[in-house]
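> What follows is a single structure, and I will ask about it in a moment.
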Amino acid sequence: MQKMRVSGFRVLLLVSCFFCKSKGAVVPALIMFGDSIVDVGNNNNLLSIVKSNFLPYGRDFIDQRPTGRFCNGKLAVDFSAEYLGFSSYPPAFLSREASNENILIGANFASASSGYYDATSVPFGSISLTRQLSYYRAYQNRVTRMIGRGNARILFSRGIHILSAGSSDFLQNYYINPLLNILNTPDQFADILLRSFSEFIQNLYELGARRIGVISLPPMGCLPAAITLFGAGNKSCVERLNNDAIMFNTKLENTTRLLMNRHSGLRLVAFNVYQPFLDIITNPTDNGFFETKRACCGTGTIETSFLCNSLSFGTCVNATGYVFWDGFHPTEAVNELLAGQLLGQGISLIN
């Protein structure tokens, strides 16, 4: 009997903590899936070459501490969490921080170099979307044991689920994979990715998720690494890559509408980051930037992950005027602007 009383008190305490943790926030939880745009450190302890838990990554983050974020500071989803009223960030699910009541504000399952296409993650030792979904199921079981089935159902249905993927599928797979190039046009490959996307949303829906936001592809042809690898010596944005991004994003928006019509109660928003990001690149001074082609880290042409390190020659002293932190990822300053766009476009996920 005494054991039952202690157990019952612990459940009551955790339920109270659940409501306390989300009291200042407008939604009970934030749950993230996808790639390096939203990864906050899940790759840190993997046998993967794609990591960022070392300086100069994180040099402008809290306590100048590298966490595994592919940025000099905060990601767009970090700013989004702040805007939504969270006092801390949902932890990386594979980190030590993802313990006890910390996961009651959500969790982050994203893994750098993953994509809609599971094979994209294999060469890099990253966590595929399929595996991220299995971790999410384990997360749901843990939360349900902690706060009870009814409260857990509220958390999953009212919490916002964010998905960011697709860039790695194109830049780190399709464009450099001769077999995929031979078998599929960019349009056909986009259809393959969107079938995986639809299946992923279907699975989330069956697991109780009702508020989901998916981040579009950025102007891929304007990433410094893309210009270096695919620009044929030209220093301008690679037009064909940007055209592929536009094509994919159009299909993504159409697919989200079809999925919403098919699933009762589903709120699904396709966040358009392409145009806001392109506006920053094409009108830098209007947004407080002066460098759009060269990234801050190293030579600014290709460095990312282990190539962007404390010994990288040429790393800028102050990244606030740079659009790109490394060859693939924006600076904290850009992430803050993009987070405002996400918030504005995602009102339907909040109300």
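Here the Cβ of each residue, glycine as well, is placed from N, Cα and C on the backbone.
Because the structure is a prediction, the values reported are computed rather than measured.
Found this in Swiss-Prot, in case it helps:
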type     : residues : note
SIGNAL   : 1-24     : signal peptide
ACT_SITE : SER36    : active site, nucleophile
CARBOHYD : ASN234   : N-linked glycosylation site
CARBOHYD : ASN254   : N-linked glycosylation site
CARBOHYD : ASN318   : N-linked glycosylation site
ACT_SITE : ASP326   : active site
ACT_SITE : HIS329   : active site
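Map these features onto the structure and tell me what's around them.
Secondary structure from DSSP puts SER36 (active site, nucleophile) in coil.
A 10 Å cutoff on Cβ-Cβ distances gives ASN234 (N-linked glycosylation site) a total of 10 other Cβ atoms nearby, all chains included. ASN234 (N-linked glycosylation site) falls within neither a helix nor a strand when secondary structure is assigned with DSSP, and so counts as coil.
Taken residue by residue with DSSP, ASN254 (N-linked glycosylation site) is part of a helix. Non-local contacts of ASN254 (N-linked glycosylation site) by the CB criterion (under 8 A, 6+ apart in sequence, same chain) are absent.
Over all protein chains present, the Cβ of ASN318 (N-linked glycosylation site) has 9 other Cβ atoms lying within 10 Å. In three-state terms derived from DSSP, ASN318 (N-linked glycosylation site) belongs to neither a helical nor a strand segment and is classed as coil.
The Cβ of ASP326 (active site) lies under 8 Å from the Cβ of PHE70, PRO224, ALA225, ALA295, CYS296, CYS297, GLY298, GLU303, THR304, SER305, CYS308, each on the same chain and at least six residues away in sequence.
Of all Cβ atoms in the protein chains displayed, 29 besides its own lie within 10 Å of the Cβ of HIS329 (active site).
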> Through the lens of DSSP with three states only, how would you label HIS329 (active site)?
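It is coil.
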> List every residue in the same chain as SER36 (active site, nucleophile), at least 6 positions away in sequence, whose Cβ is under 8 Å from its Cβ.
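Looking at Cβ-Cβ distances below 8 Å from SER36 (active site, nucleophile), excluding near sequence neighbours, one finds VAL50, SER52, PHE70, ALA110, ALA112, SER113, SER168, PHE328, HIS329.
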